[in-house]
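Look at TrEMBL and you will find Ser7, Glu29, Leu30, Arg31, Arg56, Arg167, Thr186, Gln190 tagged as 3-dehydroquinate binding site. Residues or ranges marked as active site, proton donor/acceptor in TrEMBL: His107. What TrEMBL records for Lys133 is active site, schiff-base intermediate with substrate.
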Amino acid sequence: MTLIVASLPIRSEEDLKKIPSFYDADLIELRLDYSSSLPSIDKIEKFKEKVLVTIRDTREGGINFIDPKIKADYLQELYKRGILYDVEARFAKEYNIPTDGKIVSIHYFDRVPSYDEVIEILRDFVNKSWILKVAVVGKDGYKELLAKLLSLGNVAVLPMGTNPLERVAFSILGSKLIYGHTGEETAKGQLHYKEFKKILDYLTSISISSPSILMG
């Protein structure tokens with residue numbers, strides 16, 4: 001089953017008040033790197049059953065630079081409080097961030113890596129993370145790579161800069177997450193999360209009433 005993630009830019013603690021507006025999504029991603037300072041975890045904790053915290057590194061598509069030590073301490077505290085987060089594989093290794101039950105990600109904005117390169121980076125997280133997330137720019141070979149990565153099982157694959165419906169296609173093939181925006185794109189290739197929800201709900205209704213249509 002693919003979970004629909006509504007990605008919400010957080011520029012100030014005021015933006016946290018918007019969270020309940022998106023409760024029809026499976027998860028609400030809080031993009032904290034849109035702010036130059038991180039909000040109080042106390043103000044996030046009351047939404048812990050619905051939120052996914054992301055502090056994206058500027059090297060992997062983040063907006064503002066956040067001091068790595070501050071980010072590491074923040075993630076450690078989120079872990080203690082049982083709040084879901086997405087952490088880059090490289091950052092998790094460098095700062096010894098707990099990843100069991102969390103999302104571990106890697107992003108390629110300007111090239112398509114080899115399958116072996118991706119596996120080498122993610123190898124340590126395959127058995128303990130909740131979901132491995134791989135986002136790759138839509139250049140030669142990206143479809144083959146993302147399709148092959150789906151064999152890992154607990155993986156979300158995201159093509160970037162392509163037709164947004166490709167994300168739907170990969171969801172049908174087994175990708176665990178699909179990200180949509182809440183009014184402002186946080187990555188290339190996003191539709192509004194409600195559009196993704198409408199499409200996937202429709203496909204689900206077809207598969208329930210006529211399984212052979214989607215099974216071939």
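The backbone N, Cα and C atoms fix where each Cβ goes, and this holds for glycine too.
Mapped onto this structure are the features recorded in TrEMBL.
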residue	record	Cβ contacts under 8 Å, 6 or more apart
Ser7	3-dehydroquinate binding site	Glu29, Arg31, Tyr179, Gly180, His181, Thr182, Thr186, Ala187, Gln190, Tyr193
Leu30	3-dehydroquinate binding site	Leu8, Ile10, Leu16, Ile19, Ile44, Val51, Leu52, Val53, Thr54
Arg56	3-dehydroquinate binding site	Arg31, Asp33, Gly62, Ile63, Glu88
His107	active site, proton donor/acceptor	Glu60, Gly61, Glu88, Ala135, Val136, Met160
Lys133	active site, schiff-base intermediate with substrate	Asp86, Ile103, Val104, Ser105, Ile106, Val155, Ala156, Val157, Leu158, Leu177
Arg167	3-dehydroquinate binding site	Leu158, Pro159, Ser175, Ile178, Tyr179, Gly189, Gln190, Leu191, Phe196
Please report the DSSP secondary structure of Arg167 (3-dehydroquinate binding site), reduced to three states.
helix
Using a 10 Å radius around its CB, how many other CB atoms surround Thr186 (3-dehydroquinate binding site)?
20
